[in-house]
Amino acid sequence: MSVVSSIALLISVEFLVVLSQSSQGDIADLFYDVNFNGPLFNQPVYTVTTSNFTIASPINTTLFIFNLQPQSIFTLPSYVLAARSLNSIAEIGVTLSDSTFRADFISNFTYRVVNKISPLNYFSPYHRYVFYITATQFFPNRPSTSSTAIAQIDLVNCNVYAPLFIIANPTFSISEAASVGTQFGTVFATDADNDSITFSISPPPIQFSIDQYTGVLRLDQALQTITSIPLIFNVTATDDASSCSPTCSNCGQLSSTTTITIAIQTTNTQAPRFLNQLCGSTFSLLETSQSGTNITTVAAVDNDLAVGSSITAYSKFQLLQYNQTNNIRIAQLQTSETFSYSKPGTTRVWYLSILATDLGTPSLQCNSNSQQIDYINHDAVSFFLAICTVRINLIEANIYAPVFTITKWNITIYNASNPALIRIVAYDADLGTSGIVDYYIGTLNVPYFTINKTTGAIIYQAGVTFSNLNSTLFPVQFTVFAQDRGIPPRISPANATITLYLDTSNAIYPAVWLNPTSGELNIGISEEFFAMYPMRPVFDNNRNFNGSIIYQLNLQSPSLMIVSNLFPGTNTPFSAITPTTNNNIFTSGISVTSTLDAEIQDSYLLQLFINTNPSLSGWTKITLSDENNKIPTFSFSTLDMNILGDQVGLRAIAQIPAFDRDLTSPNNFVQYSINQALNGAMIINQFFIDNSATIWTNSTFALQNQSSYRIIITAYDGAPAWSLTSNGSSNTQNFQLNLFIVGNNNNSPNFNQTVPINISIIETTANGTGILNLTVYDLDVTTVLNIGILSGNTKNAFLFEMILDNSDDPYRTEYQAICQLSVVSALDYENINLYTLVLFAFDSNNLATININVNLLPNNSKAPVFNLQPGTLSYQYVVKENQVVPVLNGNSIVANDINIPATPLVFSIISTGQESLTSLYLNQSNNTVTIGIGSPGLVRDPPFGYSIYNFSIRATDQNGTGVSTYVPVSISVLDINNNEPIPTNWPWIMNEGILNVSILMIFTDFDDYAFNNTVPFTVQVISPPQFTLIPTLSFNGTCTLQYNGILSRSVAKNVTVTMMGTDVKQFSVNISIPIIVGDVPNNDPISDGSKTITIIYVNNYQESLQSVNLGSVYVVNSNDWFLAANGYSVLDVSNGQTFNVSQGFLSTPTLLYPGSYTVHIQVKKNLVSGQSAAISTINIGVTSIDSEFVRQASTIRIQGETPESLIDPTLGNRLGTLLNALASILGVSSNLINILAIRPVLQYRNPIYPPLPFDQAKQAALTDVVFYLTSLTKETIENTIDNNLSLFSSSFGITATASGPNLCINYVCPFGTICRLSRSIMSLPSTIDTNLTSFVGINIIDSPDCVNATWTTNPPSSIPPNCITYSFNNSTYCPCTSLQFLAPLGPYCEVLGATFSSSGGSYAVFDGTKFSNLAPARFSFDFTIPDSSTIGVILLCGLDTSPISDYFWIAVEIVSTRRLRFHFRDDTLTFDTVIMINASIWYHIEYQYVDSTILIMVNDEQYVVTVNNNSININNQSLAQLYLGGLPMTNSLIAALYPTLSSVNTFRGCIRNVLSNGFYLDMNNPLASSNSNSGPCNCSITNSCTTTSSAATGIIVPWYVWLIIALVLLLIGMMLLVAVLICFRHRRLRKARADAYMSNIQNDRINDKDTSGEEDNLSYNLSILKKPIYTLSDGDINSSIWTTSHGDRVNSFARAPFNEYVNRKLSEQLSISLADDTQKYYADEGDNTLTYDLSSINSSER
């Protein structure tokens, strides 16, 4: 190879490496022995002793300062050749693993570590804090790197904690009968500094004392004065400050105080009783009473002093209790809210149960499961002994005055008038008595007329008839006022004025009562009338009233009788019956429309109204008689009580009254009995109940004989119960009383163990650990226990407390408690190894004890200790660089294990990870170690040497398996003169055409200047002789390189210059460097040239070819550095493709498709005299391949060739030679070999060294050629090549160094990661360009990925038989003959493809361990769909149970916009792709997780997203599952867990090549699946199926044509079906309209009722009668709907046919003129209560 061509070639190589590799994504480094460390710590371990820091140091005290050295191109050789040098200013983040501390940035990558809390915990493990410092350096466009150092903070104690009471403010119980000297409780306190504690009590008690060392309480004097008020004292715990270290300042004793309560337990022998005859009383409450109004005083007495009272859970009432005086407690029963008597639904009667319970021991109280009762639903109630039930009646206040509905009345008197001329109506809004109105005439001496006080009827005075009236005295006018019966009574604010006119014309009255009593009826009926006579009108045989009300109409038009209520807002359960007619005689009556209740309302005043002009009115009073239809009711259904078993004599147990809500006696008279049928003879003989509901006994109960009794009490009233089928029995209700016999603390507690107990625990047992559980028994079921430790509890190391008892069990027969002995303070085997404890249980009177021996076992609680010299913190040594030293001169490193017994120590070296310490070794003898340095010694000079090596020695006890301690070590390396001056300011460029051109040269000697090992330098050129260095002696390393003559690129484009540099001590070396001959613009013309461009891409990746450089435009031009200075214009292109030229490089803005293109480009170069033009002819060949070719492609590595030298035809067609060599060795035709990619292999050279001369660089260059061959498998090809590597050189002159190189071999990954090989297709192509040829290949990256080692996929645990693992690249290949029908297959016989049903509802579920996306990770897969309408989930990896907000949650789905939607972490991050998904095209999706960054590729599209990786420490792969093709819907929660997905099981298509962290998913082995089949994708989906016609023409009909035909036929069929259905629907509608009106009428008869208040006749809809005829419509007829409250009861009185009835009523309405419809006039008067009754009255008010 000539020098000229070498220079031209290698200049191009440098440029194109940068160009092609810049398109790569974030991939791992592609070379061996890579340093993945993050920033360099100046120490691997930072140790802090007590000289400058104590546990009491304040917050933000500096513990130590550390420095970081950011990684740079000199320390982290990543992306140097790819123009990806690291930041000039690093971005570094520092985190600490212990939140107790914080790292603060100071400056220049210097940090300080400070404490965030104070004081620190001296009793942290091994009396120290050990944590990790992690420094992470962030880089653009590449993963971050991290380094870790260790911090060891040694602690000494400083007594910073005051004693802590374990149980704050404890309460202790002691019986009034306890003897002097009784020890009854322990006050527990502990000291976090492990100091001893002394106790004191204040104010000094007379009767009690506390042991100053144990905290045990003691009774010193008998309890003579008994009080119900607990005794309260202060107990102070003071430490002895023995933990104070001499290094601590201001260290003294500390103390704490708590309050203790001593409760004196009286002997409880009597139950509380109510005083002042409270039980059964009735109290009245005025509705205007405010919240807090006193109702009555409650008093209860208990001779045992302690009484409490409560009330059952009524929200409206409360008990205000006062402090107990002696043995009596008084409380006020009060309201807790306000009341309204007239509010609808208001409760007006309450039965309250008031309870009194004592507080003695044993507690004579009641227990029940019910927590709440109300006055209707009475269940059990809790906590009472004496029980009283009182009744509270809500009394109405007279709030409102009566108001007249009409204040002016004009009445004309006819000869035929009824005795009641007119009734004046006043309305009172009050209810009850206050709402009853009396009427009075307010005018004196009114002639002829008076008023009925009760009814308001204007009637003749006694003896006056119509014939007595003197017409001259008319009109008669007077006033009427109304007064209610409330207290105080209220009078109407406005009087009514009555004007009476006399008509002497003898006109016939339009309506009259035929039975005069019908106008004034007084009827008595039973409150159960509705149930007894559902088909009859009301009648009263006692008053000879048969129920018929008869009237005569003297008009042609009929009128109905209306029944109305005088008191609006109250229930009116009556209505008029449709009359029967006999000529003009009408017979009607009153019906009951709903149930009656005399207890709620016992009388009704009704108005009977005939709507004539003038009208006819009558009045009926109906009085209800009480029936015995209410049962006696207890306030609760069951009651649990404690009673003493040793009492004698007749005594009351409890009073449990019931109440009966009937109105009258004897219906409401309640009696009681012990139920003879439900109680046994024992109960009947021992208990009885009196008429006051008090239960008595005269028996003495022994607990050991029977512990409980159940008594059934029956309450019954005093009359036979009302019933339609009554048998004469009374109403009854049963009540269950459960009696539990309790003792009075006459039994001693007992432990379940009676002999001393020996237990053993390790000395490092954590505080709070329970070490022994004991059960305490006591036959006194109401025992109150004190638990404690009497002695042996040195330094309060243990706590004995109750953790559970059965006091909440009402059915217990003995008391049981579980007590626990636990560790509450630090233990130390070396100080105390045996504790002898005396535990006790005290039941306020009796004491039980047990002895416990606690043996401590050693557990390596002390860390090894290094014996440093006083005043030193580290070991320091000095050595010369590159020197072998068996033992460093200096102190030996000595450490001791201070545990008892001591264990052997093992020493090791801990480095920062950056420095190479492989030459260091340790010499250990017992607990002493020295450091030796082996060959080649320590390196001091760059690029990988250091002047000081900082590391740590780790000592680990228990022979290397126990606890470790670190000590810093530093070795200072002295410089020796072992480096020569070398030039370092590359690149060097000398331009052509300049006489004696020169450039600056800078020489550097990396020896230490301080040792006089460098300047001055002596430099000289060895060859070629045309070059000289000036001066040859340099004191600053700077000189000039000069070429004596003129350089020309036509002669050489680069020159190798060899020179020698010598330092001051004559250390020298010869070094060769490349000099580039620089191009300068010239005046040479250009001429035509031609070029070939070969392009290959993956199907559906053609967008990656848009607007990228496809190669340079070539013409013959001596100025090859100035392509951009030329002018370019595209003259023509074959096949209609568009091409552009920019900066001398060809590109296309549109998609390229397979085929051939010829492009003619005119190139113009500016000359001094004008322009020179030439034509460049470029022939372009484009091919595409399936992505499967890339997966199965083979790789061969060539040395001594660059990608450019392989494709440049001027260098001998080296690529053709390689193809022939491959064809020969593999035994195939070279035409079958498809070259997919030609890529350089990056090799690192530290930038402090000058680059190699170009010929040497080419000899060392490595190039990978990736190719595909259909007839052979990848594994066969690469194995054959590996076996014949030597033939390439011997037979073809090509040096092949590797086949299928596995980059993970010898590849060093960071801690916590493992190397996995993966192959990716990058988004941009790889372009290799020379003058005559360009190769635009697929940018295939074989990446050694460092993936997460904890959560990652793994190869199969068992490899199939006949598998081969190749030694040359450690890859495995299995023939998998039996599964070939399911191909493609993976290397371990994994079936790589699966088809998901075209009908939807498909899915396949795989174990979560087969898939990982925990950073760092990489996974990918391919998919295709049969048509563009397909939507649904393609892939989801997530949990199968809530919550799903987890880092494993990731999903990919196709949405309705035909785009891919990516979900991360439960939709906290979602985005859609730009690419549109089309049918029958394979799409490749690839993820790479780098920390919290996710890099995504969809074919040639790229995306970058960031997720918050906050659950990295809680992931569990076993909880996750991988779902392909959809999610299961039946009997599965998984679909519901992901509501943000568009459609979970509608995906249709194929999925293949699911690759996670280097291993394929076996589609043939899902955990579960539905409608999915493993194997190759169905051809109907990939559009690769063809159908050949049987005709001779051989026409091929694609499958989609048949699909279109089928869809068209289906559409025609559906249209015909729709037409038939429409015709059928029209026929149904025509028929339905004919019946619509009558159908609606029939519905109204059943469901509708007039709600406007005019009348309640039948169940007809009479709302139509309210409107003028011209406003009626079908909508109006159906506008008023009502539902009866008793739909099951139908009034079946005689009625006219409905059509006739409506027509008749409409005719009646038309007969009344609108001018006379006075209802309109009075619509707004008064309260709108009876206005509809007044249509016959002509009022003057408008």
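Every residue, even glycine, has its Cβ placed from backbone N, Cα and C.
Worth saying up front: this structure is predicted, and the values here are computed from it rather than measured.
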Check your understanding: Per TrEMBL, which of C1550, C1585, C1623 is disulfide-bonded to C1577?
Key -> C1550
Point to revise | Per Cβ pairs under 8 Å, the stretch of 166-274, 421-512, 653-751, 753-866, 1393-1577 packing most closely against the domain 'Cadherin' (540-634) | key: 653-751
Practice item. Return the residues near C1577 (disulfide bond), defined as same-chain residues 6+ apart in sequence whose C-beta is under 8 angstroms from its C-beta, sorted by sequence, else 'none'. Key: G1393, T1395, T1424, C1550, R1552
Review point. Near C1550 (disulfide bond), how many other Cβ atoms are within 10 Å of its Cβ?
Key: 23
Point to revise | Whole-number mean of pLDDT values that fall within the domain 'Cadherin' (282-404) | key: 70
**Study point:** Within the domain 'Cadherin' (653-751), residues counted as helix, strand or coil by DSSP
**Key:** 6 helix, 38 strand, 55 coil
Practice item. Taking helix as H, G and I and strand as E and B in DSSP, count the residues of the domain 'Cadherin' (540-634) in helix, strand and coil. Key: 3 helix, 45 strand, 47 coil
